[in-house]
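Feature list (source: TrEMBL):
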type: TRANSMEM; residues: 33-54; note: transmembrane segment
type: TRANSMEM; residues: 215-233; note: transmembrane segment
type: TRANSMEM; residues: 239-263; note: transmembrane segment
type: TRANSMEM; residues: 284-305; note: transmembrane segment
type: TRANSMEM; residues: 334-359; note: transmembrane segment
type: TRANSMEM; residues: 380-407; note: transmembrane segment
type: TRANSMEM; residues: 427-448; note: transmembrane segment
type: TRANSMEM; residues: 534-555; note: transmembrane segment
type: TRANSMEM; residues: 561-579; note: transmembrane segment
type: COMPBIAS; residues: 632-647; note: compositional bias 'Basic and acidic residues'
type: REGION; residues: 632-653; note: region 'Disordered'
Amino acid sequence: MHCFGAEYQVSAERTPREREWRPQIYRKCTDTIWLSLFFLFWTGLVFIMGYSVAAGATGRLLFGYDSFGNVCGKKNSPVEGAPLSGQDMTLKKHVFFMNSCNLEVKDVRLSSTVLCVSSCPEEQLDTLEEVQLFANNSGSFLCVYSLNSFNYTQNPNAGSLCPSLPVPPSKPFPLFNRCIPQTPECYSVFASVLINDVDALHRILSGIMSGRDTILGLCILALALSLAVMFTFRFVTTLLVHIFIALVVLGLLFVCGVLWWLYYDYTYDLSIELDTERENMECLLGFAIVSTVVTAVLLVLIFVLRKRIKLTVELFRVINKAIGSSPFLLFQPLWTFAILIFFWVLWVAVLLSLGTAGAAQVIEGGQVEYKPLSGIRYMWWYHLIGLIWTSEFILACQQMTTAGAVATCYFNRNKNDPPDRPILSSLSVLFCYHLGTVVKGSFVITVVRIPRTVLVYMCNALKEKQRSVWSRYVFKCCFCCFWCLDRCLRHLNQNAYTTTAINATDFCASAKDALKLLSKNSSHFTSVNRFGDFIIFLGKVLVVCFTVFGGLMAFNYNRALQVWAIPLLLVAFLAYLVAHSFLSVFETVLDALFLCFTVDLETNDGSSEKPYFMDQEFLSFVTRINKLNDPRAQKDKNSLRKEEGTELRPIVR
């Protein structure tokens, strides 16, 4: 059955000039050129992975390093021309600045010598004798490695080889494992110079890495919440829907309140010396405004649509019956989630390696500094496109597989004898024929997301400059337009995937046919379909709300020296993707079911020669929807009836 260019055709008919709907009887490879392009793109990603492994040094970012090229907490290789490099720092895990109270940046590097030490001095050291005593008692040597501890008080050059006196008390902090001075005057100088002058990407990456355990725990929380919501949808009742909506409302209001409270707390407890504090406060304000607007819109929609709850319960019963014919659809998101987690971990690892890629250069005094390699910034952007495109491709494969399984079960005459292994059958059809279509559809979403990412980057780059009200308004309007376009294209892609699974046409032809068919039959199901999608979207909102709340509580405890607003945004993004991976099963089944219904109407008329594929329960549900939404639907009541009869034969128009 496998092919790349050949056609497999069960029906001997030739496709006429006006394409016919022939569900499950015609199959060919689609959009093979796009599959080749995706393979070439991933060849570039593999090259970047190899380059990052060869040129990157993630350990420098995670563990910190001294002025001589040694990574703290690791056994190092020597750097040619640097006699103090290549030392075993396994027991020396903390980064110590010899002049932490008078840090300066000269020629994009710190003027202070940096050492790896086994522990930070927790009490102030006023003399070299105290520094020597601290070294003898703790085994933590605060002078340059070439000076032995018994010479601290005897060597005439000890003033330049040992830390500036007095040595302030300090404590280790996970940001590069630095020893952070605790006295107010030293802390303000240390933070304003070191934290603010660190590259923005490194600040963000260090914030992510310092909170990596929290991020992983919140992803697991999002997974548990998604499973709970999916269980609610699977065994839905009117009471459960009311409880679910109440939880969504409470979650939205609670998260909004917490965001505004934290912003108020930052405005009255803000160290103006720290860029991280200012960035956290600005991000909090943005989060609070966005969450308030989203909450207001959703509350209005919930109030307007509250009378359709009973209809929603019937809708989910129809969906659950379709899922019942292939119950393993509910477990399909598990492998999707596992693949996404593996890919994201790999992506972050490569990003960290790229962020630390640099060539070691020996400067005066035998010290070592790392110069960023040329072309790294371009690799970051290529790597970002790979994240978006590949993530969308994985999710699109799940949508296509689900749509194919639903179509296989729907276009089955004998409802009492469902097809064997519809998911495996749909998956095999996807890999043998339609991977190119999935690649093309995911690329369309990627093309829309790239300008949004560029807009965000431009806004951040220009935030320090005086921008007019008009320019800010244009940025916001463009961002909203791209967001709306993204939503519309996602829905169009879903229908295109379902059409490809039904009729085996390429992406553009499928999108065109689906749009034409749905426009022709929109009166049958548009309102109830949209309301069902809205309830599923509320499930995703519920997962994101409670996950973000957990992130707010966890990250707010370490606010001083890390940009935790970025990890929180990453948590919200990952929580939404996790929720989307699981709950999109219901969304995909709903959209695929109604598209199959419209194809059924298009190719059959309910007569004994051309009976409908839909069962009586689904037929009755659609009839009730027609009565509620359009009085003219009563005219079609007599034309919608369930009869046993012949196999499907397309109508030639």
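Even glycines carry a Cβ here, placed using N, Cα and C.
Heads up, TrEMBL stuff is auto-annotated, nobody curated it.
Residues 1-3, 27-35, 37-38, 385, 388-389, 392-393, 395-397, 400-401, 404, 482, 485-486, 489-490, 493, 496-497, 500-501, 504, 506-507, 510 of the same chain, all 6+ positions outside the transmembrane segment (427-448), place their C-beta atoms under 8 angstroms from a C-beta of that stretch.
The recorded stretches the transmembrane segment (239-263) and the transmembrane segment (534-555) share 3+ CB pairs below 8 A when only pairs 6 or more apart in sequence are counted, and are therefore in contact. Across 215-233, 334-359, 380-407, stretch 380-407 shows the highest tally of CB pairs under 8 A with the transmembrane segment (33-54). The stretch with the most CB contacts under 8 Å to the transmembrane segment (284-305), chosen from 215-233, 380-407, 534-555, is 534-555. Listed by sequence, the residues of this chain that lie at least six past the ends of the transmembrane segment (215-233) yet keep a Cβ under 8 A from its Cβ atoms are 208, 240, 244, 316, 319-320, 330, 337, 341, 536, 539, 542-544, 546-547, 550-551, 554, 567, 570-571, 574-575, 578-579, 581-583, 585-586.
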